[in-house]
Amino acid sequence: MSPQTETKAGAGFKAGVKDYRLTYYTPEYETKETDILAAFRMTPQPGVPPEEAGAAVAAESSTGTWTTVWTDGLTSLDRYKGRCYDIEPVAGEENQYIAYVAYPLDLFEEGSVTNLFTSIVGNVFGFKALRALRLEDLRIPPAYSKTFQGPPHGYQVERDKINKYGRPLLGCTIKPKLGLSAKNYGRAVYECLRGGLDFTKDDENVNSQPFMRWRDRFLFVAEAIYKAQAETGEIKGHYLNATAGTCEEMMKRAEYAKELGVPIIMHDYLTGGFTANTSLAHYCRDNGLLLHIHRAMQAVIDRQKNHGIHFRVLAKALRMSGGDHIHSGTVVGKLEGERQVTLGFVDLLRDDYIEKDRSRGIYFTQDWVSMPGVLPVASGGIHVWHMPALTEIFGDDSVLQFGGGTLGHPWGNAPGRVANRVALEACVQARNEGRDLAREGNEVIREACKWSPELAAACEVWKEIKFEFDTIDTL
């Protein structure tokens, strides 16, 4: 026997395959304040015990592999391994379990959402022993969150920048999302902004297409912003989408927006990637730009109840990576979103400290230790009749974004925006007077119609429009 073989044998190395649970299932483990904690919803294959499945998740997302390797003896597995420390069955679901996994902080690069996700939601999601796997929540300890810059500015600084307080902000996505020339696009922006809007927005897939190159769009939109500001005396903005095919091109677009003096730009953070998003967020803080985030591709990742990543995790990741706004669903519009679940991740975006609350899908207490908050953006199939519910659900620190609910007004863009602004002001005033918007909302809107023909026309157009479908992703 060679000396090397003798050394390995003496160290206790034995080739072969061991059950994961012998090493990675540790129900006696007491979690540390510095651990990153994860809650996985797992569906094991028939015949796979939940303890083995949970241990496999912990192993494959940290230090483990499918067989014993002699190089395990060159490190300290007890220090670096992930641990499945608890498993509970999912009520009302057959063969589904919540596996709780603790990860030592040293497994992750500081300030990198990319590295965090590569480990925790990497190869393990294709593991054959699992029929399905979903990451429901993460607990990010202060020791890790403090390594991130977070949002470029946060909503408190944003309010100071645009000098608007005491109400939700109003936005509008320009429609049709594709096909307008740059000049006509700028015209639509101007009509909306002069009518009472705070922001207008590029849609997520508006980048630099043959019918409208990005530089032309930026120029005509900047002209529209300055003209609307001069007429209204209010600070206005448009989310100029800087998303591009390369990071270098993305930064070029951000720099041009800064040169034009506009207040805010935009990024598609999931399709663009976390590395690109974090780089852009750093640029925005250094150069005084607000950053609006669109979540295009989110439903591909989070809509199925038993597999993928829940949006509350993607929301936490965005807060660390950086963004001042992010689309969060509406509860009442055309997009998926159950009320309590939505309010749970809205609080995770905005608040400093959020208590564990399983009724809202929050599996862990989260302390952001003064990281700036992100404004949730309610967007997708909303119109003036939704305004009372949106005001009550999201409160002042939010952006209410009407696309078709502005541009679909029978009298045009500016009257559409007037209708939304009047409806919002009426709801905020009624709330401040102590009225119950959940019960009296429709009456508040009807009263406001007496003073605004634009609102009355909008109410008539959309009085029958509802999106009443069962929510797929429930607790």
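Quick reminder: no glycine exception, Cβ is built from N, Cα and C everywhere.
From a predicted model like this one, the values you see are computed outputs, not experimental measurements.
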| said: Using only what Swiss-Prot says about substrate binding by Asn123, Thr173, Lys177, His327, Ser379, identify which of Arg213, Arg295, Arg303 is listed for that site too. | reply: Arg295
| note | Per the 10 Å Cα distance test against Glu204 (Mg(2+) binding site), the binding-site residues Asn123, Lys177, Arg295, His327, Ser379 reduce to Lys177, Arg295
| query | For Mg(2+), what surrounds Lys201, Asp203, Glu204 with a Cβ no more than 8 Å from their Cβ centroid? | reply | Thr173, Ile174, Lys177, Asp202, Asn205, Val206, Tyr239, Asn241, Met266, His294
| task | Taking the Cβ of Lys177 (substrate binding site) as the centre, count every other Cβ atom within 10 Å, in any protein chain shown. | result | 14
| note | By a three-class reduction of DSSP, Thr173 (substrate binding site) is assigned strand
| said: Between the Cα atoms of Lys201 (Mg(2+) binding site) and Thr173 (substrate binding site), what distance do you get, rounded to the nearest Å? | reply: 5
| request: Can you tell me how spread out the substrate site is, meaning the largest CA to CA distance among Asn123, Thr173, Lys177, Arg295, His327, Ser379, in Å? | output: 37
| note | Quick note, His327 (substrate binding site) and Asp203 (Mg(2+) binding site): C-alpha atoms separated, nearest Å, by 12
